[in-house]
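Taken from TrEMBL, the feature domain '4Fe-4S ferredoxin-type' applies to 297-328, 360-394. The feature transmembrane segment is assigned by TrEMBL to 6-24, 68-94, 106-131, 156-174, 209-227.
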Amino acid sequence: MQYLTNIFFIIALIAGIGFFVMNIKKLSRNIKLGKDVNRTDRKSERLKNMMMIALGQSKMVKRPFSGFLHIIVYVGFIIINIEVLEIIIDGIFGTHRIFLGVLGDAFYGFLIGTFEILAALVFVAVVIFWLRRNVSNIKRFLSKEMKGWPKNDGNYILYFEMVLMTLFLVMNATDPTFQQAGIGNPISQFITPLFDGFSADTIHAIERTAWWIHILGILVFLNYLYYSKHLHILLAFPNTYFANLNPKGQFNNLESVTNEVKLMMDPDADPYAMPEEGAEETVPEKFGASDVTDLNWVQLLNAYTCTECGRCTSSCPANLTGKKLSPRKIMMDTRDRLEEVGRNIDTNNGVFVDDNKQLLNDYISPEELWACTSCNACVEECPVNIDPLSIIMDMRRYLVMEQSAAPQELNMMMTNVENNGAPWQYNQQDRLNWANEE
Ligand code: SF4
Ligand code: SF4
């Protein structure tokens with residue numbers, strides 16, 4: 001009988017981890033749909049960013065209250081899960097609290113005691129997060145893009161955390177040997193009296209139930225991550241490592257356009273020269289981005305990493321002045337479209353079949369794109385170094401260069417730059433006329 005539970009545990013573990021690995025492969029395949037971009041330079045700077053921002057949460061504390069609570073949940077969640085290692089070993093081999101014998105009373109008690117305190121703190125922090133999301137009128141949680149699934153997703157994960165922390169404490173509280181030893185139970189000792197009067201068998205059944213639901217809950221949580229904004233728990237690390245290190249506001253030039261301009265400026269160039277052999281067959285590269293596959297893989301990684309916290313949107317001058325643009329929505333739309341493309345590939349045996357849809361217009365409108373002031377506030381604010389502006393600029397580039405669909409005011413300005421070398425509608429010779437005006 002004992003073996004049956006061990007076998008069931010091993011099957012649940014393999015199924016949970018196997019499904020997770022399958023989803024991670026899908027995630028990686030989707031990110032690789034993006035264009036290549038080289039982010040292998042300046043390794044020590046990248047590593048430092050990752051340690052400071054993803055591990056050290058340095059950007060979170062810019063908003064101290066929510067940042068502090070987030071650090072409690074983050075640290076608590078990671079540290080408490082060390083305990084999962086003991087649960088896994090116990091589950092596979094049918095042992096009970098195997099680390100107690102290995103680590104000794106004092107150290108084991110210290111560890112579990114720390115986990116219990118952290119579990120209680122995480123529970124309190126999560127309740128405050130729930131109140132902020134559902135009771136307080138915090139504008140960034142009430143935006144249009146946060147209705148439906150994004151709101152529910154945020155709440156589900158909070159419920160998950162509350163339940164997991166409770167189960168951990170109940171598991172300890174209903175373990176008579178652990179409680180009698182009096183080590184590492186600073187919180188659970190106050191829960192134990194709730195079970196006074198219960199028979200030993202009932203208490204044992206409650207302890208086993210809490211133990212099983214706790215570990216199965218963790219496996220479900222692991223697999224829920226792929227469908228949730230909580231992927232950032234994992235992706236914040238690569239995302240901060242591969243983030244753009246160039247100064248904010250520095251845009252890349254299109255190589256094909258640069259070459260054309262160089263050719264125009266080169267006095268020795270022959271405009272009537274025959275094109276190189278085979279050049280006619282080369283499909284010219286698309287300018288800018290109209291769909292997710294035109295973006296680079298770091299932009300797609302950004303989309304999966306977005307925590308939907310809305311810090312970017314709450315600092316966006318366009319959004320604050322009532323424009324349609326929300327940088328958070330740009331990231332959420334990019335992820336939704338990428339997921340749609342991924343599902344299309346899955347259902348068509350690994351090949352994308354045109355669905356007559358794209359990121360531009362079907363998800364993100366030109367009105368949103370043109371509302372951006374390119375101020376970089378969203379990039380600066382993002383706690384995990386996401387760059388919504390780069391997606392906006394690539395999509396604008398497509399509108400201008402592929403569709404000539406810039407707003408009229410911009411078209412006039414660009415015509416002036418082309419004709420007059422300046423954004424104004426004056427001939428270059430007339431530029432200083434104002435100085436002679438009476
Ligand atoms: S760069 Fe654009 S999207 Fe980002 S904060 Fe500024 S205006 Fe908003
Ligand atoms: S882009 Fe960054 S700041 Fe904006 S919602 Fe996503 S994680 Fe938050």
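Every residue, even glycine, has its Cβ placed from backbone N, Cα and C.
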Ask   = Does the transmembrane segment (6-24) reach the transmembrane segment (106-131) with at least 3 CB pairs under 8 A, where each pair is 6 or more residues apart?
value = no
Remark   = Summed over the domain '4Fe-4S ferredoxin-type' (297-328), the DSSP helix, strand and coil counts are 20 helix, 0 strand, 12 coil
Query = Where else in the chain does the transmembrane segment (156-174) make close Cβ contacts, counting only residues six or more beyond its ends and a cut-off under 8 Å?
reply = 73, 77, 80, 83, 112, 115-116, 119-120, 122-123, 126-127, 129-130, 133, 184-185, 187-189, 191-192, 194-195, 203-204, 206-207, 210-211, 213-214, 217-218, 221, 224, 228, 230
